[in-house]
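To keep things clear, I will list the structure first and then write my remarks on it.
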Amino acid sequence: MTVARIAWRVAMIVALPAILLALWWFLSEGSTSYYAPPLSKILKTFDDVWFTGRFGTDVVPSLLRLLAGFTIALVLGVGLGVLIGSIRSVRAFCEPALEFLRAIPPPVLVPVLILLAGIGDTMKVFVVVSGCLWPILLNTVEGVRAVDEVLTETCRCYRIVGRTRLYQLVIRSASPQIMTGVRQALSIGIILMVISEMFAASNGLGFTIIQFQRTFNVTEMWTGILLLGALGLVLALLVRLVEWRVLRWYYGLRASQRGSA
Amino acid sequence: MTLRPHTVLGIAGFGTFLLLLELVPRIGIVSPEFLPPFSDMVVALFQQLLTAEFWLALLDTLKGWFLGLGIAVVLGVVIGVGIGIVPVLRELTASTIEFLRPIPSVALIPLAVLMFDTNLGSVLMLVVYASFWQVLVQTLYGVHDVDPVARETARSFRLGRWSEVRYVVWPSALPYVMTGLRLAASVALILAITAELIIGAPGLGNQIGVAQSGGAIASMYALVLVTGGLGVGVDVLFRRLERWALRWHQSVRREVMA
């Protein structure tokens, strides 16, 4: 790539966000509207609100809950998914029930889980698990089901069994699908983390943001919205990065297949 | 009609799930106060079905879902095709779309409450925001996937911009658009019910909250099951719609023949 082309690409990536931000900045600058405070004021408040202690007391607990719930969902989802996906009759047995459970909107489970697990951290972690589990589980099932038959039989010929077979054949083959599930699960996870905190909590991002809204601290509320947006973005980038590391072999394989075809 | 073993196993599995739902509280693994037996939920469901409140709530939920989905699909398709057929626009907007898409829709809840209070407007705001991206991104993929040879052929024959979109771009992109529509329909339903539950706009979600805080536990579970049924229904409906809209398409025709 020549320098000019790289410059063009960078300009393309940066241009529109820069224009939009500039528009927001200048159009809101003189704003006296109660609902839309100037962006400059929001950014100034951002520092005061989030980096003076709130980060440790509200953002970190939220992230820990999300992480805990997501990890449990990942382990359960991949474990059960491999089991259900490898045995045909188990899959037929479980599928309708799983499809039904997945169709229940996860936030609806918040009141249910409040009953079962109280309003503490356990409930919030469970809410995240209850939402993240299905995309990971169902995608793993699909991935395991679609393992290449030639590979399966090759493994059988070489008597590759047990743990090696599981890691090298089954999970490896299903990993592109699993990563799709992980990506979906994470975006659901953030939403559920926030919702569970909006419902019943004494700290956390969702709690703080709804508190700002209830006390009509609009500027502070906007900083919360910005922070949530940034968080969603960072986590999405993180997943992209992990995906790129884990699935490098897959992208290479696909590219070479396309190239030869 | 003979049932395939696959279907029989599925029914048995679902039956087992319901049986567990009945037995777990009966044996006392979980207190029936918190998880009533399935039969109680069914009774509560029938009681609900007899009330006008339930049907009004269902209607409110469906209204928010349908309107929001409609707005999101029209916006998503129009903007998606508009951006997609102009390569410069496509490159220019890619980063912004990637930035905006992962912003969780719940971040907008406080804003929606301030702007629309607990009206339909706040539900629509969340539903439209969340389902718009599903449609937009799929439409963009679809337009990108149009066979370049077909587009160049259309240009050689001097099809106008409009005819090119109508006869070349749209049919090629339709499978993607339909996928986007199906995803958006599920997301819209989830967001509609979520918004009702959290913001307190009228609808099934709100009813669940009311039942929980009022201690009508069996009713609450019954309503949760209804939302699950609704979710399955929407999914099945839009899969059908997808097959119908793409009945001329290779992938569907091959499936029918096989």
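Keep in mind that glycine also has a Cβ here, set from the backbone N, Cα and C atoms.
Unlike curated records, TrEMBL annotations are generated automatically.
What TrEMBL records for A:7-27 (among others) is transmembrane segment. Residues 38-40 of the same chain lie 6 or more positions beyond the ends of the transmembrane segment (A:7-27) yet place their CB under 8 Å from a CB of it.
Annotation comment: TrEMBL describes A:59-243 as domain 'ABC transmembrane type-1'.
Non-local neighbours of the transmembrane segment (A:63-87) in the same chain are 94, 98, 121, 124-129, 131-145, 166, 170-171, 174, 178, 181-182, 185-186, 189-190, 192-193, 196, 204; each lies 6+ residues outside the stretch with a CB under 8 Å from one of its CB atoms. For A:63-87 (among others), the entry in TrEMBL reads transmembrane segment.
Within the same chain, residues 61, 65-66, 68-70, 72-74, 76-78, 80-81, 84, 98, 101-102, 178, 180-182, 184-186, 188-189, 191-193, 195-197, 199-201, 204 sit at least 6 positions outside the transmembrane segment (A:108-137) and bring their C-beta atoms closer than 8 Å to a C-beta of that stretch. According to TrEMBL, the feature transmembrane segment maps to A:108-137 (among others).
According to TrEMBL, the feature transmembrane segment maps to A:185-210 (among others).
According to TrEMBL, the feature transmembrane segment maps to A:222-242 (among others). Packing against the transmembrane segment (A:222-242) from elsewhere in the chain are residues 37, 42, 45-46, 49-50, 59, 179, 182-183, 186-187, 190, 194, 205, 208-209, 212: each is 6 or more residues past its ends and has a CB under 8 Å from a CB in it.
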